[in-house]
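*Asks:* Quick one: this structure, given as structure tokens, is what I'll be asking you about.
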Amino acid sequence: MAVDSKTAVSTSNSTTNSTSPWKELSTACIDDPFFLLFKNISYSRRESVLARVSYSIRECSYPLSKSKIRATENSLVNLKAIICHVVSERKTILRNVSGDFRPGELTAIMGASGAGKTTLMDILAGFMSSSRTDANYESTSSFEGNVIVNDTERNLVKFRRSSAYIMQDDNIQPLFTVEEAMLVAADLKLTLKPRERLRRIEEILSVMGLKETRYTRIGDLSGGQKKRLAISLELINNPPIIFLDEPTSGLDSVTSKQCIRFLKRLALEGRTIICTIHQPSASLFNMIDHLYIVAEGYCVYTGGTRNLVPYLSSLGLRCPTHYNPADFIIEICNGDYGDYLLKLVETIQNGKSNAWRSSENISSNKAKEIIVTHMSASSRVLEQSNIRVPSFEVEYKHTTYYATGFWKQFHVLLRRNAIKLLRDKILILTRISMHLFIALIVGAIFFRIGQDATYVLDNFNLLFFNLMFLMFSAFSSTLITLPLELPILMREHFNRWYKLRSFYLANKFADFPIQLTATCIYTLIVYFMSNQILETKRLILYVLMCFVVTLVAQAIGFIIGAGLTVQNGVIFGPLIILPFTIFSGFFVHLTDAHPYLHWLFHISFLKYGFEGTMMTIYGYDRPKMHCSDVYCHFAMPKQLMVAVGMKQVDYWFCMTVLIILYIALDTVAYIILRVRLRKRI
């Protein structure tokens with residue numbers, strides 16, 4: 001940590017028995033300070049690029065200017081059979097960079113767009129694994145090098161347990177209040193008693209300036225307040241190291257200063273605070289303790305903020321008076337003053353040199369002494385400014401990867417999802433009103449045809465349409481809502497709030513009542529308006545079969561939503577679910593299809609749902625139906641079942657197959673979701 005020796009001596013001699021809250025916190029945080037060292041980090045990924053134009057044409061001529069091609073007799077070029085090639089090449093993003101970040105310092109990784117700062121942040125935070133491979137076992141992206149924590153090779157599981165990564169986008173549930181969001185985080189991340197959890201929340205809200213907005217919904221907060229809330233949620237378990245990706249992005253100058261001031265305050269508590277920042281203003285620049293500047297994958301400077309201008313002056317690059325040094329170094333890296341990139345890299349040894357730090361290099365064994373000295377000096381300043389800090393003890397020494405168990409996580413997430421669904425009145429009213437509106441229209445069209453043998457084929461069409469509508473409504477609702485939840489899931493799951501299976505099951509169970517309500521509204525209205533056979537057993541079996549079909553459709557929606565974006569899901573979703581409709585037995589009977597297509601019928605969940613609903617309406621020895629015409633060919637329900645190839649249908653067999661398909665598809669959706677979460681970690 002940057003501490004001047006004279007300052008250290010004077011502050012240590014003047015330390016008194018002050019009851020500053022900083023003193024209590026320091027004894028809690030200095031036991032295990034985090035010194036983060038990385039050596040020779042390189043990162044590259046394989047990308048596909050268009051090598052040549054991709055099509056073939058007949059011979060033709062095309063005039064080209066003489067400036068672009070050596071002139072021929074008529075300045076023409078003949079094109080013959082141009083063939084396309086798409087080749088892959090490896091793009092290097094980080095090039096053997098090194099560096100170290102220390103507790104008590106606010107470190108900013110700075111650089112122009114595409115310089116590699118976010119990639120470096122992802123590697124250091126553990127958000128990116130060391131290697132990934134494609135189907136040919138050829139590395140598509142990987143990083144090489146070592147990340148060392150407190151003189152020990154980083155154990156990624158333990159490291160993630162003791163760190164927090166706050167991403168650029170503030171992905172927080174917008175329908176909850178600030179206090180409710182903090183309570184959920186505390187319930188998931190702490191094992192303290194309820195009174196102690198509330199005390200901790202009070203302290204954090206007070207320190208982060210959110211006490212007055214505790215009952216405000218998150219969707220109504222300003223950008224700066226959302227950023228502070230995102231930090232507060234991760235401070236619940238007091239991690240000793242915090243990573244932030246572009247914390248000032250999208251904020252105005254005043255709010256950006258407040259955000260950096262809070263980060264500075266957190267660093268003074270003994271934490272290691274590392275953030276990426278594109279190009280800070282002069283006022284923000286002076287608030288940063290340590291700079292790590294990257295350009296084109298290289299480290300061009302690592303050291304104290306005040307030492308940047310002398311460093312550049314030593315290379316003959318004088319920053320103009322009243323000019324922002326952050327702008328100046330970015331302009332130099334972009335080549336505005338000549339090609340100085342390699343010279344900067346060689347001087348700073350690509351991050352290995354500590355010559356421009358504010359103090360000499362230190363090891364983690366001196367952490368306790370340095371942090372106590374540093375915070376003793378800082379506490380007097382903060383006391384004069386009446387700045388309060390939370391005095392809780394660290395909560396990151398868990399014996400397991402998550403602070404709470406599965407059932408605790410499931411209970412908290414189920415409650416949160418239920419509250420979220422109930423407050424999202426537009427979504428609920430849309431789903432319920434849509435089912436109600438379509439049910440009234442369909443009921444009016446097929447009014448009182450269910451027990452008349454004259455309209456038995458119309459009723460046959462009605463039963464299939466009911467399944468089609470319920471399937472698409474359940475499928476589309478999941479297809480759209482799940483991708484919107486993924487950014488929140490990625491942030492909370494990476495920061496060890498809960499297990500993925502806890503989230504997945506809570507999400508499914510919370511939606512069950514709404515989906516069941518919507519299904520019952522539609523089926524009951526259509527059932528009675530179309531005058532189907534009035535038997536309690538048949539009605540219950542019919543509603544149950546329709547509900548299970550919607551669950552299977554939701555599982556397919558989960559698969560597509562977990563693997564694709566909303567835009568791609570809306571495009572490809574209907575194409576994926578369409579084959580289940582074609583091979584349902586409604587358009588083509590199984591006995592009439594080619595034998596090599598039979599397997600498609602056997603995996604179509606709509607086939608089993610359709611057969612099950614037909615069985616409830618026309619099976620179970622239903623007596624002869626009334627015929628309002630001279631002759632009704634299907635007055636006997638058994639004749640209809642034989643005609644449509646459903647003579648041997650068993651309702652409970654269909655139900656069993658649907659349940660098996662539901663479990664299998666849900667498992668596939670869970671695996672896809674897990675793979676997507678692990679794609680970068």
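Backbone N, Cα and C define each Cβ position, glycine as well.
Sharing the features that TrEMBL gives for it:
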type: COMPBIAS; residues: 10-20; note: compositional bias 'Low complexity'
type: DOMAIN; residues: 77-321; note: domain 'ABC transporter'
type: REGION; residues: 1-22; note: region 'Disordered'
type: TRANSMEM; residues: 426-447; note: transmembrane segment
type: TRANSMEM; residues: 467-488; note: transmembrane segment
type: TRANSMEM; residues: 509-528; note: transmembrane segment
type: TRANSMEM; residues: 540-564; note: transmembrane segment
type: TRANSMEM; residues: 571-590; note: transmembrane segment
type: TRANSMEM; residues: 649-673; note: transmembrane segment
*Asks:* Please indicate, using numbers and ranges, the residues of the same chain that are 6 or more beyond the transmembrane segment (571-590) and have a C-beta under 8 Å from a C-beta there.
*Replies:* 464, 467-468, 471-472, 475-476, 479, 553, 556-557, 560, 564, 597-598, 600-601, 604-607, 609-611, 644-646
*Asks:* Among the recorded stretches 467-488, 509-528, 540-564, 649-673, which has the greatest number of Cβ pairs closer than 8 Å to the transmembrane segment (426-447)?
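*Replies:* Stretch with the highest Cβ contact count: 509-528.
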*Asks:* The transmembrane segment (649-673): which same-chain residues, six or more beyond its ends, come within Cβ distance under 8 Å?
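*Replies:* Those are 500-501, 504, 508, 541, 544-545, 548-549, 551-552, 555-556, 558-559, 562-563, 603, 605, 608-609, 611-612, 614-616, 619, 641, in sequence order.
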